Amino acid sequence: MEPLILASSSPRRKELLQLLQIPFLVIVSDVDETLPNHISPEEAVTNLALLKASAVSSTNPGSCVIGADTVVVSGSRILGKPADRQEAKEMLLSLSGRKHQVLTGVCIKNHEKEKIFYERTEVTFWDLTEDQIDSYLDTGEPFDKAGAYGIQGFGSLLVKEIHGDYFAVVGLPVSRLSRELQNFL
Ligand SMILES: Cc1cn([C@H]2C[C@H](O)[C@@H](COP(=O)(O)OP(=O)(O)OP(=O)(O)O)O2)c(=O)[nH]c1=O
């Protein structure tokens with residue numbers, strides 16, 4: 001079997017991929033994640049997953065590379081990682097008391113083919129007071145996460161309901177990925 005590489009700097013993705021019980025290396029790509037205007041969220045996560053996998057695949061042509069990208073979609077807005085506390089607060093205020101979607105795109109790629117897919121999970125937040133949002137921001141958790149929250153951490157307390165794959169919200173739909181990998185290899 002080709003060596004497996006996870007093209008991600010995310011400790012969550014590394015931990016989740018370990019659930020598959022296949023050996024792999026982590027090699028981080030340096031990809032510009034700026035999204036073009038008017039791109040759909042589905043295109044955004046699949047394009048970025050492909051970009052991340054391709055960057056690592058080009059220097060490791062004998063390997064099978066996995067790239068992934070997660071965004072939060074609230075109404076017509078695509079929320080990535082907040083730039084600062086102010087933006088994180090705005091994101092959380094906009095998610096309060098509402099349903100949003102989390103999209104995670106995944107790309108599996110080797111030198112001759114690629115498989116790209118995405119998972120969509122619907123998440124509903126409780127109504128949040130400004131005080132609740134401020135104390136959540138104080139945990140420091142929001143800043144490296146799409147939509148400014150982590151469902152796996154203190155952010156779990158913000159979530160009223162979830163429909164779909166929990167692990168896709170955390171950053172990697174492991175169960176689907178395991179099946180796609182079996183078909184790919
Ligand atoms: C919504 C949500 C996102 N996230 C994380 C998953 C992703 O790591 C991050 C979204 O940013 P991404 O750009 O998808 O990933 P990343 O920059 O962390 O890692 P890399 O590009 O190197 O693979 O948000 C959570 O951990 N929990 C959550 O509940």
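Placed from the backbone N, Cα and C atoms, the Cβ positions cover glycine too.
Some features that TrEMBL has for this protein:
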type: SITE; residues: Arg12; note: site 'Important for substrate specificity'
type: ACT_SITE; residues: Asp69; note: active site, proton acceptor
type: SITE; residues: Thr70; note: site 'Important for substrate specificity'
type: SITE; residues: Gln152; note: site 'Important for substrate specificity'
Nearest of the recorded positions (Asp69, Thr70, Gln152) to Arg12 (site 'Important for substrate specificity') - Cα to Cα:
Gln152
Enumerate same-chain residues with a sequence separation of six or more from Asp69 (active site, proton acceptor) and a Cβ-Cβ distance below 8 A; give 'none' if the list is empty.
Glu33, Ala44, Val45, Leu48, Ala49, Lys52, Thr104, Gly105
Does anything in the same chain, at least 6 positions from Thr70 (site 'Important for substrate specificity'), have a Cβ under 8 Å from its Cβ, and if so what?
Val45, Val102, Leu103, Thr104, Gly105, Ala146, Ala168, Val169, Gly171
Listed in sequence order, residues with CB under 8 A of Gln152 (site 'Important for substrate specificity') and six or more positions away:
Arg12, Val170
Give the three-state DSSP assignment (helix, strand or coil) for Thr70 (site 'Important for substrate specificity').
strand
Can you check what DSSP calls Gln152 (site 'Important for substrate specificity'), collapsed to helix, strand or coil?
coil
